[in-house]
Structures are given as C-alpha cells and as structure tokens.
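Reviewing the structure listed below.
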Amino acid sequence: LLLLLEATLLQLASSSHHPFYNGFYYNHIMNDMGNGQDKDYFNGARLVVETSKDPVYSYNGANVTLPCHYHYEPDLGDKRKIRIKWSKLRDDYTKEQDVVVAIGKTYVSFGDFKGRAHIHRASRHEASLVISDVHLKDDGKYRCEVIDGLEDESDVVDLRLQGIVFPYQPPRGQYRLNFHEAEQVCQDQGAILANFNQLFQAWSEGLDWCNAGWLADGTVQYPIRLPRKPCGGVHLAPGIRSYGPRHRHLHRFDAFCFSSALRGEVFYLDHLAGMTLEEAKQSCQDAGAEIARVGHLYSAWKFLGLDRCSAGWLADGSVRYPIVNPRPNCGPSEPGVRSFGFPSKGRFGVFCYKER
C-alpha cells in the first residue's frame, strides 16, 4: 500500500506542470493586436463565470436562453480574446456531449444541437447559450466554460422542461419491455423516457404507481405516495422505490415516459354509432389532423385543461379519456387520464391531434 501511495504521489508531482486539456490548444496564444507576439495571460486578474442559480424553465418547441456572464477581478478593462464552450452534462456532472464552441464571433455547434444552438453576446462579458426549437431531450444540466489563455472557469445551469410523466404498458401487458423497447414505445407516444428528476417532480405532484418502470439512465423505479403491502410494504415511507440499474436487454418492466407542452391542439370526434380504430384514424385525417398519441392526451390534459367524459381511441390502439374535474360516472374522484386498456372490439370516439 505504501509503495502504491508513493507511486501515485510521484506520478501526480511529475504531471503537475502540464495544463488541463479541455479541447483547445494553448501553446500559441496571440495578443489582441494580431502581431504574432505571445501574450502572457497570467496578470493577477481572476476570471469569474456566473450562470443562473435557479433552473431555467422552457417547453417543447420553444426557444430558450441559458444565461452566462463572466468578469475579471479586478476588471481588466480592455477587450480580450476568449473561448466559450457549452456542454450538456449527465446528472453526475460528467460531460454528455458538446453543444457549441465559440471564439470571437465564430462558433460551431455539434450533434443534435447543430443549427439550433448559438452564443448570445449582447453585452461585453456575456456568453449566454440560445437553443432554438427545444427538444424533449434538451432537458438537463449545461456547463458554461470560459477560457482565457490558461485561465479556465465554468459554472452550471439547469434547463428544465415543463412536462408530465406518465406510466406506460404496451398492449401485450405488464412488464414486457426491455430498456430499448421502453425507449421506443415512449418515442411512439410522442414522448421520451423520463429521467429521475422528472419522476421525482411527478411524485411530488401526486403520482402514485405501483408498477416498476424504466428511466432514461437505465434504472428501474416507481413512485409511491400511499405505502401499501404490494408496493414495498406498509412500513416504508412514501418516496421513489428503486430497483437500481437493470440489464438493458434481459430485464423487462414497464416505462415511465415524459412529454412536454404541445405545439398544437387535441380535440374529440365522435359518430352516433361510434367508430372502429381504423375508422377513427380516417376521421382524424378527414379533419386535417392525425389520431392523437398517449403523450398528446396527457399533455393536453395537464397543460390545456382538456376534460372529456367520453372514451376515445388513441394511436396505440388504447381507449382513454381525460378528466380535470371529477364527477359522477367519469371514474375515480381524482383528476387523471382514465384508461379502458386495448379493446379488440368496440366502437368509440377518437382524440385527434393537429399541430399549429
């Protein structure tokens, strides 16, 4: 153990003179006059980077600005050439992906953010990130990194999408989805797999569900408001029950999906004798719309106050209806989206979705 400790200390000591590498090369830093002379950035000024301490809230399809500003202590006064780098982080603050890098007025965006992300620099020391057409997967933590020569400081801001978490089982029944199938069924319903923060927020707003489901990080969890024997036992406090990480191919559970506010509207159609599923799909098309997905219905219920005590088909073959104001003959005494499951026969109305 002592030999291992000594070797580690020697290795750290021998490497301490090497600068931290974060995607930029520092060995040829030019001064602002562009005359080719190296400029010493070690001048006693401290670089400070600040972002919003509170989460920034947005929704699917919107444009959002994540604020970031920097300054020097003491103030250097003159304009300096700096690099700005934004990265999206995992929950443990390790880097998930590059978003955008900017040097002066030149910037490059990466991956899914290409064409959607740029740096907003309305003031002298601003380095804010603008994301256009926000996607569901944009929810999460972002690091604003400012590099001035060998000085490198950063801060983190949290982007949260206003949305709703809903449990999902496929037509073939409970606990039939591996992780990758769970990702796909959520996508099919106009949603994505929820992350833990989204599930926790839903639990704090009243979600109680005794069936375990996949989350985006590959863990399996479920939210309990009212402890009971089949759901971890009556002696456990309310909270999020966790099975921890599961095998993404072999293990099978349900899914917790996350959907945000809609870009369009959900409306109900019916015929006197009701409709089959195929007739329902055609009716929506005739109205210039598409048959709604489960995520559309949940979002319309939560964000648009959709309240309809009439069952209707959805795209996955399920029959559901949304209740904001509970009343007799409309299900339980709590608001929610009621489900009739996946009937193989029967005639119902239909919920249609039309994007604005």
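Glycine is treated like the rest: Cβ placed from N, Cα and C.
Owing to the predicted nature of the structure, the values given are computational and were not obtained by experimental measurement.
In the disulfide annotation of TrEMBL, Cys330 is paired with Cys309 out of the candidates Cys309, Cys352.
Here Cys231 is paired by TrEMBL through a disulfide bond, and of Cys210, Cys257 its partner is Cys210. Taking only the Cα positions, the spacing between Cys231 (disulfide bond) and Cys330 (disulfide bond) is 27 angstrom. Secondary structure counts, DSSP: the domain 'Link' (164-259) has 22 helix, 30 strand, 44 coil.
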